[in-house]
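According to TrEMBL, the feature transmembrane segment maps to 25-47, 59-82, 102-120, 140-162, 205-225, 237-258, 270-289. The domain 'G-protein coupled receptors family 1 profile' annotation in TrEMBL covers 41-287.
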Amino acid sequence: MDLKNESVVVEFILLGFSGPWKLQIFFLVIFSLIYGATVMGNILIMVTVTFSSTLRSPMYFLLGNLSFLDMCLSTVTTPKMITDLLTAHKTISLWGCMAQMFFMHFFGDAEMTLLIAMAFDRYVAICKPLHYRTIMSPRLLSGFVILPWTIGFIHTMSQMILTMNLPFCGHNIVDNIFCDLPLVIKLACIETYTLELFVIADSGLLSFICFVLLLVSYTVILVTVRQKSSGGLAKALSTLSAHIIVVTLFFGPCIFIYAWPFSSFTGNKILAVFYTVITPLLNPLIYTLRNQKMQEAMKKLWSQYVSST
């Protein structure tokens, strides 16, 4: 293709949620409330884990890191989506689009890996309680924190280096609420079939493997609890079922999007909302705020703050 005959793309148009003005206002209020609750909830968790002397176990340390990743993942896309609801011309610069895709995949990939580390922590705590402190040593815990960031960076850069070198000209409409990697690749002026296959294999396979590993780990935990104590099965099932719901909401859209990444699917925006808006709010609710020990630590910190003022 002769790129000289095409105008070079300097910005992309995000279609976002279209509809009547009243519907736009409705989405604006809802997403603003959800984002505010997500930020406040995750900050509350990070502050509590950092300053509470009763939450020094590896589990809460990992939960604090999860809250940080959730807040970052939501911040990459949600504020832009909210401001776009106020404007008729929803645009994002070329490099702003690239940055959004990089950080979205970076934080998302890191969270996938961290969830596996958290599942391993719960496996050791439930199945090997006598060896918990020995296995979950500070060295292993440090590795569990560094590894997600490393995998997220390497995995994301392997895709973004190829994407940033693509020529974009002419078409610049992204039918989503944010810059989505499969949709942006499709707008390139050259044949991208090989890159499409690479994205499917790289992102789709990573999401699927992480999802399967999490389900297997939860199954092993439930089987172990059932063998040890029938009374503890109901409690473990109640906790892990909530975890499985959150994991499914997080991984389900990823797997679906990358299973049919280049087809026209009108539900992509709904899946994107679950992935970037709903899940970061559910994680603190399911993993942390329902925890009695976390609630007690929050009350204690609040009492200390009130008494010192």
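Cβ coordinates come from backbone N, Cα and C, glycine included.
Owing to the predicted nature of the structure, the values given are computational and were not obtained by experimental measurement.
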At a Cβ cut-off of 8 Å, and with pairs 6 or more apart in sequence only, do we get at least 3 pairs between the transmembrane segment (270-289) and the transmembrane segment (25-47), yes or no? yes
Same-chain Cβ contacts of the transmembrane segment (102-120) under 8 Å, 6 or more residues past its ends? 59, 62-63, 65-66, 69-70, 72-73, 76-77, 144, 147-149, 151-153, 155-156, 159-160, 178, 181, 203, 206-207, 210, 213-214, 217-218, 247, 250-251, 254, 275-276, 287
Could you tell me the mean pLDDT the prediction assigns to the domain 'G-protein coupled receptors family 1 profile' (41-287)? 84
